[in-house]
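Peer 1: Annotation source Swiss-Prot lists signal peptide at 1-26, citing similarity to another entry. The feature Zn(2+) binding site is assigned by Swiss-Prot to 45, 198, with similarity to another entry given as support. Marked as disulfide bond by Swiss-Prot on the basis of similarity to another entry: 78-189, 206-214. Residues annotated as phosphoserine in Swiss-Prot, with similarity to another entry given as evidence: 131.
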């Protein structure tokens, strides 16, 4: 029987539906392990959504013979690469949890503006059928990261520092080649940045709570 995978899926769905920690002094407070579990699940969900959308956009609009060259142009440059954030798991393991949370927060906040235009670009997308909710999902993950920061710092919430330079808005004029290239580059950066945030959160969760699933 497939009771194992089904149980795991139901547990993951239940965790995604859980609220974040209560206000200070409220009861009951969510354990730190649950905060990390929720954040990792949300980051994984967003990263997969971004990856699926990138692939769908690529299949629909970018000729296969042009994909490699386009990916190596300035259109594929992500300005988040200019911040001193770890580029992979090994580098992330050299940073403190608080540093990784701050980098994760910066990455998430840099997309809060641009993703509000996704629903206009992908109105007929099967993968992004709920694109108007991506902003809500990002805000939810932002809230979870801030809850973790409150727990790991001094217990008092800090105002999240939004990157001074955020990504451009997605272009809704899908008949323009320039708009297609711009959106293709943005989707590539969105996927890369969410992968970074997911990696940071998984590294933190694994080194705090020893698990058999830490290999990734």
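Just so it is clear, glycine is given a Cβ too, placed from its N, Cα and C backbone atoms.
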Peer 1: Among 189, 206, all listed as disulfide-bonded residues, which has the most CB atoms within 10 Å of its CB?
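Peer 2: Answer by Cβ density within 10 Å: 189.
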Peer 1: If we check Cα distances from residue 78 (disulfide bond), which of the recorded positions 45, 198, 206 wins as closest?
Peer 2: 198
Peer 1: Return the member of 45, 198, 206 nearest to residue 189 (disulfide bond) in space, with distance defined Cα to Cα and candidates limited to these recorded positions.
Peer 2: 198
Peer 1: When you measure from the Cβ of residue 198 (Zn(2+) binding site), which residues in the chain that are at least 6 apart have a Cβ under 8 Å away?
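Peer 2: Once residues fewer than 6 apart are set aside, residue 198 (Zn(2+) binding site) is near 40, 43, 44, 46, 47.
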Peer 1: Using all protein chains in view, find how many other C-beta atoms are within 10 Å of the C-beta of residue 78 (disulfide bond).
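Peer 2: So the Cβ neighbour count for residue 78 (disulfide bond) comes to 18.
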Peer 1: Can you grab the distance from residue 206 (disulfide bond) over to residue 45 (Zn(2+) binding site)? Cα atoms, rounded to a whole Å.
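Peer 2: So the alpha carbons of residue 206 (disulfide bond) and residue 45 (Zn(2+) binding site) sit roughly 18 Å from each other.
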Peer 1: Would you mind checking how many other C-beta atoms are within 10 angstroms of the C-beta on residue 45 (Zn(2+) binding site)?
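Peer 2: Taking every protein chain into account, the count is 16.
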